[in-house]
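Q: Pasting in a structure now, in structure tokens, and then I'll have a few things to ask.
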Amino acid sequence: FRCLFFSRIIEKSDFLRFGNMAPPTRIGLAGLAVMGQNLALNIAEKGFPISVYNRTTSKVDETVERAKQEGDLPVFGFHDPESFVQSIQKPRVIIMLVKAGAPVDQTIKTLSKYMEKGDCIIDGGNEWYENTERRAKAMAELGLLYLGMGVSGGEEGARNGPSLMPGGSFEAYKYIEDILLKVAAQVPDSGPCVTYIGKGGSGNFVKMVHNGIEYGDMQLIAEAYDVLKSVGKLSNKELHCVFSEWNKGELLSFLIEITADIFGIKDDKGDGYLVDKVLDKTGMKGTGKWTVQQAADLSVAAPTIAASLDSRFLSGLKEERVEAAKVFKSGGLGDVLTEQTVDKARLIDDVRQALYASKICSYAQGMNLIREKSIEKGWDLKLGELARIWKGGCIIRAIFLDRIKKAYDRNPDLANLLVDPEFAKEIIDRQSAWRRVVCLAINSGISTPGMSSSLAYFDTYRRERVPANMVQAQRD
């Protein structure tokens, strides 16, 4: 009783409710799929006792058992929402990690009936930012605080340190700032990968654009692989070595690292490498599409991200592509149009430079989109700070992001990353190699929509006068 009394002023009813159980926990988490379980364990491991709840009670028991196995962590499971809510110290903070849309509304409805004024709900899912703003208003009418928090890094990040993008009530953010600073990924030279993003649905919006940039990154890497394999005839072993080497330089990143790893995995159920047996049909969850839609709504050019989305759409037409290949093969068009003799070493270096230059364009588009939405909504987002919190934990984490942060530190009002003096010099130095790769791909019949659209973006942006006068004359 003395421990309870000195740790927190409690009412008699509180003591009776908990009896011989643990004192109230610091925070709660509802939604115990793998992401939810891992984030709960991460929070507990950092020294914060946490209550967990899931509509499917077996998930609760599973999480508690994992907590015991992974170090007897302070995770307390509850099978009903009322006891879950009541177990959390006031003002209560509950993170939801449930599927976006209707499940979020249902979870809010279930939990809020037991919550009190000043309590806070945090949505940690990939939610549409306007839904977050709608819910924040509804919660405010009940006296509750609300945050929409982007969580990036997948299952591994959630367990060991994600990049966190909380937006909404600043008061609510201060409730849990101490937790988030410890739970987030830690980067030695720049600190925890979390910051208060801004008002409204800004956290969800920034996470959405992060995912759009991720689409672009993944597509550009896939195109680099295709050119090296289809034109350069590099083996998987050679590709493993190339990407491993790239990961030691300017392209050092999580995505380059896992790409190198992919090339080293042999098929444990047959001959050859696993990558060659993965179906060429890409899935998606919708955030890339939202990013492109928002770019169109705000009149922000985002051709690299749009090209990556189109490529996923086309990949989904597997059966049609198989039939089309037969039609055009009968007309004399093979998979690769011409068998060209290339200097492998030079091709590898050219593709590296083309990938880096294209990457600059993709990030420039994403940052411009965030800036325009920030202006429209009055969010006052700090682009350099966003680059900082993406340096660790998240899927697009890369050494490249430190250069972006420094660019915005030099000029917070930078119109476009392309005109930052350092990035401008890097693109100028790489543009010849970039053009060689795109031309080689076109002549070989290899599609490089991400690299090509990035190059077109650069060539349009750098020209003082473009043929838009003709389009305008036609409109007139």
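Each Cβ is built from the backbone N, Cα and C atoms, and glycine gets one as well.
So TrEMBL says this about it:
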type	residues	note
ACT_SITE	K207	active site, proton acceptor
ACT_SITE	E214	active site, proton donor
BINDING	G31, L32, A33, V34, M35, G36, N54, R55, T56, V98, K99, A100, N126	NADP(+) binding site
DOMAIN	203-476	domain '6-phosphogluconate dehydrogenase C-terminal'
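Can you tell me where each of these features sits in the structure?
A: E214 (active site, proton donor) counts 22 other C-beta atoms within 10 Å of its own C-beta, drawing on all protein chains shown.
Cβ environment of K99 (NADP(+) binding site): G125 lie under 8 Å away, each six or more residues apart in the same chain.
Model confidence over the domain '6-phosphogluconate dehydrogenase C-terminal' (203-476) stands at 95, taken as the mean pLDDT rounded to a whole number.
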Q: Using Cα coordinates, what distance in whole Å links E214 (active site, proton donor) and T56 (NADP(+) binding site)?
A: 32
Q: I need the least crowded one of these binding-site residues (A33, M35), counting other C-beta atoms within 10 angstroms of each C-beta.
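A: Counting other Cβ atoms within 10 Å of each of the binding-site residues A33, M35, the minimum falls on A33.
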Q: For G31 (NADP(+) binding site), which residues in the same chain are close in space, meaning a Cβ under 8 Å from its Cβ, but six or more apart along the sequence?
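A: When sequence neighbours closer than 6 are ignored, G31 (NADP(+) binding site) has N54, M96, L97, V98, T107 within Cβ distance under 8 Å.
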Q: For A33 (NADP(+) binding site) and K207 (active site, proton acceptor), what Cα-Cα distance in Å is obtained after rounding to a whole number?
A: 20
Q: If you draw a 10 Å sphere on the Cβ of N126 (NADP(+) binding site), how many other Cβ atoms land inside?
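A: If we count other Cβ atoms within 10 Å of N126 (NADP(+) binding site), we arrive at 18.
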